[in-house]
């Protein structure tokens, strides 16, 4: 990537930053126009950022022809050039709940009158305006810093971002000065990349090393942070933010207490949220705790702002009522378990698959989880990518017992229609895995596909 921005570093001026060796190679050939620079632009005018991904591509010629900076120095460069408008950076990591927690924090801070940027799975937003479309949960380091520059130019008070395990391991967040780091939970995901659950947990925990404010889930057994200054929130265990009583039948209703580090009760407040499930109660607590730590606003005022949050598209999204149809992004065992737990008082039908070319170890567990809770199960494709949909489905089935109400249909649209055709008025249909994604990846082709649109079209055709 290349960012065309004038920056100063060590008493020198540069017209751009890049972490792509191909940019420097093109400049050496007098072909700077390939990357939007002047054709004969000098390599001395482009600051090259070394990182974990590009270090093996840096040839001696590249090393000798341009100025280089380590990735962890980027934050200092940014602050030196834009320090008068530096926002408070809030990083949220965890297996599940990052997107919803980030969105709640963003919503509450906006309601409290702050200028806020939000970066994550759903894209890049500033003050309710989408700046960039969906991309990686945490983008490349240079794109991340480009987004920070935009937030600074817009005079944002806060920069809320999701932090993936890939980004932590690949050092895409190196050098960032976080005002607050938040943990939602640690279960299991991306074992195709991290190779073991122990390594995955280690990576997640590494985010909380060092100094700085931290807000952690007190009920999470796999957080190993020993920082005595850390804040905690919890449902089962008491923390700085705790639940005194709660109900989940019609959204979230409860009463919460905020305690400072001496654990004397300072504030209490009722809370209401248009969200379903215990997992969303955790997300809500994380968000409330974060806003309290960051702003010191009265707890009741934060709770009032929470009531205006309408949910996240594709996260426990109600697409149809009577019968009830929910679309959600849940694509891990734990994510599915939390959704099923939210509807365990209902008769559940579920449509789901698993992504191809990704962690295969979770597939049997997902199948077993579905069979534990649902009385109708429709196994289909998610984003098969270059894997055979049939082999993915077989992996899911390997974790299940033979059942009369287990149906296999690799075509996702047909599977959804099949489930809708047999859906009874007293059942809830959960369509899991893709959430608000509007595409399906089959082979190397990305085609338009939206679970929600399929459901709406089905019911529209029957009116």
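Just so it is clear, glycine is given a Cβ too, placed from its N, Cα and C backbone atoms.
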Matching range for Swiss-Prot feature annotation, motif 'Meso-diaminopimelate recognition motif', among 382-385, 386-389, 390-393: 382-385
Listed in Swiss-Prot for the meso-2,6-diaminopimelate site shared with 382, 383, 384, 385, 433, 437, one of 358, 456: 358
Span of the meso-2,6-diaminopimelate site, taken as the largest CA to CA distance across 358, 382, 383, 384, 385, 433, 437 (Å, rounded to a whole number): 17
Candidates 383, 384, 385 (binding-site residues) - the one closest to residue 97 (ATP binding site) by CA: 383
For the motif 'Meso-diaminopimelate recognition motif' (382-385), residues assigned helix / strand / coil by DSSP: 0 helix, 1 strand, 3 coil
Distance [Cα-Cα, Å, rounded] between residue 96 (ATP binding site) and residue 204 (N6-carboxylysine): 12
Candidate binding-site residues 358, 385, 433, pick with smallest Cα gap to residue 98 (ATP binding site): 433
